Structures are given as C-alpha cells and as structure tokens.
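Here is the structure we will look at, set down as structure tokens.
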Amino acid sequence: MQTDDAKLKGLAAPSNLSMNQTLEGHSGSVQVVTWNEHFQKLTTSDQNGLIIVWMLYKGSWYEEMINNRNKSVVRSMSWNADGQKICIVYEDGAVIVGSVDGNRIWGKELKGIQLCHVAWSPDSKILLFGMANGEIHLYDNQGSFIVKMVLSCLVNVTGPLSIAGMHWYPGSKGYVEPDCPCLAICFDNGRCQIMRHENDENPVLIDTGMSVVSIQWNHCGSVLAVAGCQRITNQDKDINIVQFYTPFGEHLRTLKVPGKQMSAVSWEGGGLRIGLAVDSFIYFANIRPDYKWGYCSNTVVYAYTRPDRPEYCVVFWDTKNNEKFVKYVKSLISVTTCGDFCILATKADENHLQYVLVLCNSIGTPLDSKYIDIVPMFVTMTKTHVIAASKEAFYVWQYRVAKKLTALEINQLLRTRKEGRERMFHIDDVPSGTGEGLMDFSRALVPTRDLICSITASDRVFIVARESGTVHRYSLPNMGLVQKYSMSCRAYQMCLNCNSSRLAIIDISGVLTFLDLEARYTDNAGQQIIGEHLNFERKDVWDMKWANDNPDLFAMMEKTRMYVFRNLDPEEPIQTSGYICNFEDLEIKSVLLDELLKDPEHPNKDYIINFEIRSLRDSRALIEKVGIEDASQFIEDNPHPRLWRLLAEAALQKLDLPTTEQAFVRCKDYQGIEFVKRLGNLQSEPMKQAEVSAYFGRFEEAERMYLDMDRRDLAISLRIKLGDWFRVLQLLRTGSGDSDDALLEQAYNAIGDYFADRQKWVNAVQYYVQGRNQERLAECYYMLEDYDGLEILANSLPENNKLLPDIARMFVTVGMCEQAVAAFLKCNMPKAAVDACMHLNQWNKAVELAKNHNMKEIGSLLAKYASHLLEKNKTLDAIELYRKANHFLEAAKLLFQIADEEAKKRTKPLRVKKLYVLAALLVEQYHTHVKNTQKGKLQGKQTEATSAIAGLLEEDSLSDNRIVDNPWRGAEAYHFFLLAQRQLYEGYVDAAMRTALHLRDYEDIIPAVEIYSLVALCGCANRDFGTSSKAFIKLESLALSPEQRQQYEDLALEIFTKHSPKDSRKADGEVFPEGGEGKLPTCIASGRPITDYQFWMCSVCKHGVQDREIAVYSFCPLCHSSIS
C-alpha cells in the first residue's frame, strides 16, 4: 500500500508535539495567556500581575519584555486584529494600551469598576470592557466611554452572573455571508448572544443549557466553540462538553470530554483541531469541517470565503488537466454534485425570502436555475432529479440538460416550464405517486412536530430521515410514499448503495449504522416487517461512500483512517484524512480538502490521492511475482471487470494474445477484443510490440520502433491520430514520398489551426500561406487588421470564388467601400455591391453602380432613406445624401425649404443668404450634371446644339420651373438687403438708396414691411423725401393694426412738416433707364445698373460686376466663388 509520507498530510500525519519547552519566568500561577498571530508572540500574566512577552529565537523561546504594575492582577489581555496593539485590563479598573514593540500608548483608571474581560473591534476603533458584575461597556480606542451595551440574552435572568467569554472575529478570512454575526458574548449561566456589530439591536440569541467557562471562534468565523459542563438530568453529576454553533445560532455538534473540570478551549490556527484544558491535561480533538464541496466528472468543486469579497469563491478544479474555473456566488448555502453536474443552492437576495437552485456543468457554466420559496437546508441530486428540503417540506425538480444545443435553444427550453417537472410535498403528506405535489409553496410553511434532518436519493429511491428516527422511503420518479422505517438515532448524513438495497446512516454523534431496505422478517407479534437493521456499528465516522459498481463494497472515514468493507468485513485501514470523491473499479479517489483550502487559489495535483483496495493490490502482486496463470485462477475466484482488465493488460505486455482476448471478453471491452484480433493478423513481432506500446500510451517508444522498422508512414499516422502536427511536419521533412505534398499541406493547415485557436494570428498566417488555405488566411488577415493583405488575397482569387463574398463583407464591416465593391463585382454580385455602398453612405457610387447594371430600385431606396431621415428631422443629412447620389434638384428643393423657414424666423440675414446661395449652387450642379449625361448618351451622334436642347427638354420635363429658371432670386434679395444696409452704415447714402430701391422686386422673399422701412430710411438719409413719402404711404397700407398705422402717420407728419416730400434728384425713370432689350443688368458689387458694354461676369452665378468695381474683389460678391 502507498504509505509514503506525501500521502500522510493534514490530520493523518504522525502527530508529535512540534516543540516542548518549559518557559521559566513567572513566580505565581499563570492566569492569562494570549497569542499574537501576526508577530508570532506569546503574552502571559500571573497572579502577581507580572506580564511577560515571549518570542521565538533560533528555535527556543525567550523573554522579550517584562512589565509589572505591582498594584493589581491582570484579568484579561487582547491584541488587536493586525497585532500592532495590546490592551491589558486589571482587576482594579486600570487599562493600559501598548504597542507590539513595548511602548505604552495610553493608560487610564476606570474608578470603582472591577474589570474582567476585554475585546477589540475588527477595525481597532472600539474596545469592549467586561465588568465583574456582567455589564459590558463600549469605549473608543483612546479610552473615552461611548455607551453601555444592551444584553438581550439576559432578559428575565435573575441572580449573580459573570461573563464567561467575549470574542470578536476580525474577518481576517472573510465572512460566511455578508453582514454575518461575528461578536460572541457568553455568560456563565449558558446564555449567549452573537451580534453583527456592537449596536446590533437584533442579535442571535442562544441558550446553551450549560455552565460555560470559555468560548472561541474558529479561524474563519464559521463555528463558535462553547466549552463548559452540563448536569445530567437523572444522575447527580456534571459532564464536560463542548457545543459547536454557527454564527446564526444553529447547533452543529456536541463533544463530550472526560475529566473533572474543563477550564479553557482554543482552536488550532487552521481550524482542524481544538485544544481543551481539563484538570492537568490538554486534550486535542480533530475537527472534520463540513466543507461546501463536491466531485463531478474529474472536477473537484469547492467554495471558500475571502476577506476582500463578500461573496463565496466557488472553484471548479479539473483534476485531470489541472485547470480551474472560478465563479463568485452570493450567500451560498450548499454545493451538491452528481454525474457531470453540480447544484449551487443560494439565497436570492437580502430583501426577499427566496432561494435559487443553479444547475452548473463541471466548468461552472449555469445551465438552468429554479427559484423556490423554501430554505434548501438539505439538497440531493440524481442523474435526473434535484431534491431540496427545508425542515418541513421538500421540492422535487426533474431537470433536463440540453445535449449540444445552441444558447438560443437552451433559452427557449428554459421558457417552457412544463407542469409536473417541479413538485412540492409537505413531510406529513402521504403521496400515492399519481400526480400530486402541485407547486404550492404556502403548504410548505405549515409547521410539523417531527422535522426533516437528512435526505438522500438514488435513481429509483428517495429517502427522508426525521428527527424522531422515522425514515420515509419514496419511489422516484413518481414520488409515491412506499414505506416508513423507524431508527433509534437522528441521522446527519445518509447514503444509498448502487442498487438501492441498503442505506448507510451516520448520526449526529458520528455513529455509522445500516438499514437493509428490502429485508423482510416476522417480529414477536407475528407481523411481517420490511426493513432490517444490520448488526453493524462504527463510531467516530465522518464520511462514507458506496462503490458505484458493487452493492456490498463501501469505504468510510473513521478518525484519521480509511476502512474498506466488503460485505461488512473490513480490510486493514489506511492512514489518511482525505474526503472520499469516488469509489469505482476497486479504486478510491480521495481529496485532501484540508490541505487544498489552506491555499485554495493554487490547487495541487498532490492533493488528489488514489487508493487501490486489497483485491486489486493482491492481483497486481500475483501477476508480478507468480505469473499470469495463477493470477488468472485467483481472478476467476474473485471476479471483477477491473481485475480482468488488469490481467488483460499484463498478458498484452507479454504478447500472450489468447489470455488477453479471454480477459477482454470477461470485462466486456469490445475495443480491446478488436485490438487483439488486429494484433493477431500482424506477422512481425516488432510491429506487434510497437502497436502494444502505442496502446499503452508510450508513443515515443512506439514511434521509435516504427522508424527502426523503416515504417515512417506508420509513425506519421500515429502522430496524426494524436494530433501532434508539429511532429508530423518534422517526420515529413526527414524523407520523401508520393503522398507527402497533400500531407504537408494538411500539416501546415493543422498547425495554422493550432495557432489560430490560441489567437496567435501572426504565426497562423505563416502556416496557412504554406498550406494554401485561403479561407482561414482571410480570417487571420481580418483578425490582424491587415487589410492590405486581405486586398492582395482578394485580387489573387479567381472570379466567382466562393470566398470573395466573405472577404467583401469583411471590407464592409470596416468601411472599406471601394475594396468591398471590387470583391462583390468580381464574384458577380452587383446587388450586394450596391447594398454595401448604401450601407456605407456612398450613394453616388451606389447610383453609378445601379445605372451601370441597369438596376431600377436605387431611386426608390434613395427616396425611402431620405424620407426616413426627414422623419427624424435630419434634413441636412437628407440633403447631403441627395447631393452624394447626384440628385441635386431634390437636395436644392430641401435647401430652399430650409432657407424659407429660416427667413420666416427672422434669423440673421447673412445666414439666410448663405442658405439661398447653397441651394442655387446645387441647381447649377444639377444643370451641369444633366448636360454631361446628355452628352454621354448622344456622344458622336449629334451636334452640341442638339445635346444642349435635349438637356433643356429633359430639365423641363423633370423640374420645378420656379427653382430651375431662377435659382439665384433668393440669394439676390438678401444680397441687396445686406448691401443696402452696409452702404447706409458706411455713409454711401446715395448708393444705399439705389440698392434699396432694387428690393421692391423681391416682396415675395423679404417681408414688404422690412423693404419699405429700409427704402424710407435710405430716402430720408439721402434727402429723397419724395421716395421716402411713397414708402411711408406703402407702410401705412401694410400696417397690421390701427396703433401701428397711427405710429407711421405720426412719424411721417413729424418728418414731412419739416421737409417737403420732393426728391432732390431726377425722377425714378431717369435713375433707372431701360435698356434696348428691357431692364439693364445690375452690378452686384455696387447696386448700380451696368451701362458699359464690357463688364465682368461670374462663371458660376452668371451675375455681372462693373470692371472698375471687380478689381478689389477676390471672390464673387454674390456666390463667393473665386475669381480666376
């Protein structure tokens, strides 16, 4: 048996005291002892008040500091959470706080108070002082009194009492759940309260029913040990006991201790042992924590708390590949595993009393979950069902796991919550198994006298144990109550064997017994009874597991030994303290959880131990020492598939094929039988040896043998089977053969895949290029964002290659329109090319493509998109869209609309002018575009004049005449409006007057009131009172209200009583002479009519400027195009 020391880790390790040294220095009896974990120092005090701090130096303990106040005796000492400060309290009320290096920080005398206990808060801001009269006072860390603590546990208690212990767990290893009670205060009368913080108004109250002498939290605040003695009711004597509680006051276990008087209790640093001071002895007891853990498909699932996070950290450790997956779970209650799956039971949230059962696979991915309204205190699962029980009721969920479904399909499955998949039963119900158990959670809240204390299930049977010892047996899956059995113990843990014929029960005091569920016997009254207690009992048992493949075989853990039983007969024990994961094929897999949870973030394969049971060890020894013949006879007498497999493998090593075949037949290994047949057909001995080496996984050896036989092809095919393509490539390069080229390509591509799977795209590209794998090459270029490489690849592909559309779509996703279009056109997909252009807003390209490929729907698409933009009030985006698509007229119409709206809003005139100019420029672009398209259509057929006429006719048929014929009208109006005002302000009043008079032609664009107000103003300024008077008459006729008209009249009266309404110049007609063909053109720089025959004309807006004026301009005054 493997008994090397590596296996004897944890509690099972030979336990000698690591050190035994008498510390000399005290002259009186030592009364107070405290340990500083951070600095590894021991502080002691004796009956004379002498305090000594001890430290370890070169393997021995020495006095580091000594202090004696000589006035009073020390009653209690406490180090704070980080070990930096110690608080010492004396019986006479003196308090001293000192630092770890021996300096006094402060001292205080609390007058008239007898102190006996002290404790620091986890953050070191508060001190609790316990008084001799049982009161507890809170002080801050400078010694100022804050408040007296409310002791809820002492309500209705009379008579004298004293504090037995105060311990405030500092949270150094995290908390069991957020806001967990951590301050324990216990009195000698057995009353105890556990508080979340010093002012907790609703603490957990416990009445331990014993006389308490000492209390202490374990290392992670999950268990409180309360030590003392209890009076036995029918005998007149006390017994020493230790009670263990959770922070929520639930009782876990009771430990009875021999001896007369227990005086103290203390936990070992890792929480796996407890030390008890009884009389003149120290007793040690091993603690087997009830870890939250499980084992499913080679994965150990375990949970632990961390100080930096409020949640539980649940680790899924794949022991086969040594990989771990971490999941953080709030308020975890339990972990349950079966087969390949695991159930995490958790609290839904703080505010709702709901709980969640989450079904996960072996890497922690949630597959399904159910919300329930009962506390899942006990959870068990089979391959088809999850059963959760509270103290009064149980919930049954027939879970389904989707095999190879997509995420979408899984979601759909989750939505269809089928009736009958979930059922709910009260423990007092008597279900017949015909469809009862509707989901009524209110039924679960009905109280019962006999509570549930444990549950277990197999594929066919579900067992519930109650506190009285009654055991219910239900059938699965229909949940009918089949039988009730009565036991004389209260079950803590139960387990069914593989054929559900026997039930193992470990009770709350660690006694293992068995119940045969099928046995029938007649009792003394002649009644036939089903279910028999087997005559078997083991004490101090803390774990057991049945074999998965033999109903009579089980392993159990007793103290620090593992026993294997066959038909209730034990084999010799094995020293170990592991928790049993799995028992099958005559092998027990066990995990050293104690070691694992010392450093849970770095699980080590050494913590998983495999034990072989005796028959397997004996068979192996026989084969090795005696030979296959005798071993075969022994296995015949003790048959088991695992033993036959052992024999088969041994015979195969020696190439004893008949024995191998027979053994494979006995263990029903069909592949093994086929392998033996194949070996039989091989002629050469070395070939057989090589095949056997490969069968046993000795691949290097097999490959060497193949190469020695000059069978490189077999070595290569072996490596291909193993997926070791790097080695395949090496082998291919060492020789030459006919099929090597195809194989080389395959190897290059496989290695490319290897790198691509690990997202090493640069390496993958090199191999894909050599393997000529264009498809994966495109993917790599895309992932590397090497779009040049992708473009070169696309250009190198032949037309209509199936890869081109994919490459084109890749270009579309990154906005590379030109390359995408080229790729789509190369594979003859013009429609997709147009869609890509539209998607990327390249509408002019889209329109061009649509026209080239005679596609009709582009116009409607354009209109649809534009209307969509207009609906969203994105008019400027719609204009830009039309402009890009060469639909200049539609863009111009929209821009004219905007200009008109802005004009109505009385916006700045310059802004309005700019809008009209933009609109007019679009119309000019439209003219140019129409001409060019007509030229293209009629190329070489007709003269230029004909094409111009054709263009004009097309314009006429398409357009809104007002916009096309006179696009610059709006721009002119606002141009003269601005020009007049500019001239007026600059003092050129005559020029301003002339310009203002032009505005009379634009009443449809600029409000008439504004025009005539400006004319009146310029008239007065230019002393043309006649013109001004006419403008006033017009204004009075335009007035909207009588008040307004009155204002105009008053102003006119005021002006024209002083000045006669006559012009100082010639009449209007003479100012603006008519040209031979009607009106003369107007200079847009000065507002004067152009009388010369030579003047400058803008090539864009076709407006003129007098030659003498244009010299000062670089841009056209109206349309702002540059003057060439």
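Cβ from N, Cα, C; glycine included.
So that you can see what the record holds, here are the features copied from TrEMBL:
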- 3-288: domain 'IFT121/TULP4 N-terminal' (DOMAIN)
- 23-54: repeat 'WD' (REPEAT)
- 293-612: domain 'IFT121 second beta-propeller' (DOMAIN)
- 643-732: domain 'IFT80/172/WDR35 TPR' (DOMAIN)
- 965-1063: domain 'IFT121-like TPR repeats' (DOMAIN)
- 1081-1123: domain 'IFT121-like zinc finger' (DOMAIN)
Helix, strand and coil counts within the domain 'IFT121-like zinc finger' (1081-1123) (DSSP): 4 helix, 10 strand, 29 coil
Long-range Cβ neighbours of the repeat 'WD' (23-54) (under 8 Å; 6 or more residues past either end): 61-79, 82-84, 86, 88, 90, 100, 102, 269
Within-chain partners of the domain 'IFT121-like zinc finger' (1081-1123) [C-beta distance under 8 Å, separation at least 6 from its ends]: 917, 920-921, 924, 968, 971-972, 975-976, 979-980, 983, 991, 994-995, 998, 1072-1073
Across the domain 'IFT121 second beta-propeller' (293-612), average pLDDT on the 0 to 100 scale: 88
Secondary structure content of the repeat 'WD' (23-54), with strand meaning DSSP E or B: 0 helix, 18 strand, 14 coil
Composition by DSSP (helix, strand, coil) of residues within the domain 'IFT80/172/WDR35 TPR' (643-732): 73 helix, 0 strand, 17 coil
